[in-house]
Amino acid sequence: MVSLSGFLVLDKPAGCTSHDCVSLLRRCLGLRRIGHGGTLDPDVTGVLPMAVGSATRLLPYLNDDKAYEGTITLGLRTSTDDLSGAVLQRRPVPELGVVDLERTLARFRGAIRQRPPAVSAVRVKGERLYVKARRGEAVAPPDRQVTVRTLELRRWNPPHLTIQVRCSAGTYIRAIARDLGDVLGCGGALARLRRTEALGFGLAQAVTIPRLQAHGAPTTLLLDPRQPLAALYPQHRLDPAEHSRWRCGRVLPIPTALPVGQAVVVLTPSGVLAGMAIVRFPGQLQPKLVLDPRS
């Protein structure tokens, strides 16, 4: 029996959690084995990749960079670093031009230390910060290193600025809003955020929830699991003899010169995704993830 496997990219609306989206897709597809590729806060919209069936095992191999477009409101600080929280302070916004903002934004590009929001999914002593916040516990999360690959100012309409960001996993745009406001001396909070890319998927591939629910054959919306891997890794297509050895988890010879440690996408003789391997020694492929070719 052939089971479902692939990716479905949701355009998550505001007002629902990432887990809500998983539950919805489980009902639509009649399948339990579904996971998502990166939590979005309830108020955030945009790209939420969903892995279906055996594709859930591919999530660790995907590019975990994210891209966002967001609007920051200057002149206030909140308990959550966005407009959903209680306002803690209001301050006048100084006279700022585009050059001033560009100069300040430059401080947030590259590898930076960032303190996550006090209300977030980050775990401290084994418990998520938003759970502690519900109990009224004030916890200062430790800062951590993140990488902001690009940070561009798109619009400046005082006191609101719109930015586009490409960053590593674990980067909080809310924290950028807060810290930018601190540097400018007036405070800042995230007013709106939309994720435009995640795990190699973009908005052009995303499906809205109404479209998913109205679709007569939602399984046809699944994307080929090979798609997000193609731009990241070299491929090796097995011949019939290698395929038998591969299914037993045995090391295989590889004719191409690839560096030790290189991950490789492995395909069956017919081109179906068979799994992932790593070059363990020169000219040798060690299976790391062996998929059932029927899935």
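Quick reminder: no glycine exception, Cβ is built from N, Cα and C everywhere.
Whatever TrEMBL says is automated annotation, not expert-curated.
Taken verbatim from TrEMBL:
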type     : residues : note
ACT_SITE : D41      : active site, nucleophile
DOMAIN   : 26-173   : domain 'Pseudouridine synthase II N-terminal'
DOMAIN   : 174-214  : domain 'tRNA pseudouridylate synthase B C-terminal'
Counting every protein chain present, what is the number of Cβ atoms, excluding its own, within 10 Å of the Cβ of D41 (active site, nucleophile)?
23
Along the domain 'tRNA pseudouridylate synthase B C-terminal' (174-214), what average pLDDT does this model show?
97
